[in-house]
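Visitor: One structure, as structure tokens, below. Some questions next.
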């Protein structure tokens, strides 16, 4: 809490503005690619649940920006609601992404096992992730409220500051626990996979764990240090690092939801930019030869 007076809130609000525009455009791009160019229907409901949760989180960024610039002066209760919605939307997206990964893993298994487990998963999944996400978001929001009970002024600024201090909780809830659930699920079914499928799953798990740790771990470890004495602007950078989830969660959702994410992206860009940019080899093929000119 010693770093609060040193935080450049206007700079942080400006960074939030850029994050909002880039992340909103990026999310819309991924949704278009998934809807138009992804032939796989496995786990589509989980895919769009993850995208919906991240969309809510992104749309809350301008609200945070308005509070950081003192454009809106809201009460303590409204600030708690804002922090709850922000945490809930992200936690819900993380659990929906976990269920998407589990269903995609079932798709690699034998048909009988796949059908039975997919039905059970769909029947139980959404009530479980709703209850789990609400419980975890309320728990974190109560920590915000308890730590700021005697600090009524600039409450939302302090709540956003507290979000960096509670980063290790979000790291456990949204990265470590889901990753280990999927890992043990794969470990239990490893004999059902081809080697290339198993390698692909392990690679995706490693990427998700790496980007999640990159997002939350620095803020949780360096929280007790006076970061601005170490490096000016490091404190704001750590808070901004927490927002990297608006990029890596949709990206992992897109990669996991597609049968071939490279093919889907290639089809999208070819359709959009083919009239303007053609490969030299394609141009040569389209040019008439000497024998056909006459």
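Heads up, the Cβ atoms here are built off N, Cα and C, so glycines get one too.
For reference, Swiss-Prot lists these features for the protein:
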TOPO_DOM  1-14  topological domain 'Extracellular'
TOPO_DOM  36-47  topological domain 'Cytoplasmic'
TOPO_DOM  69-79  topological domain 'Extracellular'
TOPO_DOM  103-119  topological domain 'Cytoplasmic'
TOPO_DOM  141-166  topological domain 'Extracellular'
TOPO_DOM  188-200  topological domain 'Cytoplasmic'
TOPO_DOM  222-236  topological domain 'Extracellular'
TOPO_DOM  258-294  topological domain 'Cytoplasmic'
TRANSMEM  15-35  transmembrane segment
TRANSMEM  48-68  transmembrane segment
TRANSMEM  80-102  transmembrane segment
TRANSMEM  120-140  transmembrane segment
TRANSMEM  167-187  transmembrane segment
TRANSMEM  201-221  transmembrane segment
TRANSMEM  237-257  transmembrane segment
Visitor: Below 8 Å between Cβ atoms, which of the listed ranges 48-68, 167-187, 237-257 makes the most pairs with the transmembrane segment (15-35)?
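Guide: The listed stretch sharing the most Cβ pairs with the transmembrane segment (15-35) is 48-68.
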Visitor: With Cβ-Cβ distances below 8 Å as the criterion, list the same-chain residues six or more beyond the ends of the transmembrane segment (201-221) that contact it, or say none.
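Guide: Contacts of the transmembrane segment (201-221) (Cβ under 8 Å, skipping residues fewer than 6 from its ends): 101, 105, 164-165, 167-168, 170-171, 174-176, 179, 182-183, 186, 193, 238-239, 241-242, 244-245, 248, 252, 255-256.
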Visitor: Report the listed stretch (48-68, 120-140, 167-187, 237-257) having the maximum count of Cβ pairs within less than 8 Å of the transmembrane segment (80-102).
Guide: 48-68
Visitor: Any residues 6+ beyond the ends of the transmembrane segment (237-257) with a Cβ under 8 Å from its own?
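Guide: Non-local partners: 7, 12, 15-16, 19, 23, 26-27, 30, 33-34, 38, 40, 42-44, 46-47, 50-51, 54, 57-58, 61, 90, 93-94, 97, 100-101, 104, 160-161, 163-164, 167, 170, 174, 204, 207-208, 211-212, 214-216, 218-219, 222-223, 227.
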Visitor: Would you mind listing the long-range same-chain contacts of the transmembrane segment (48-68), meaning Cβ under 8 Å and 6+ residues beyond its ends?
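Guide: Residues 9-10, 12-13, 16-17, 19-20, 23-24, 27, 30-31, 34, 74, 79, 82, 85-86, 89-90, 92-93, 96-97, 100, 126, 156-157, 160, 243, 245-246, 249-250, 253.
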Visitor: Give the nonlocal contacts of the topological domain 'Cytoplasmic' (36-47) in its own chain as ranges (CB under 8 Å, at least six residues past its ends).
Guide: 96-97, 99-100, 103-104, 107, 122, 125, 253, 256-259, 263-265, 267-268
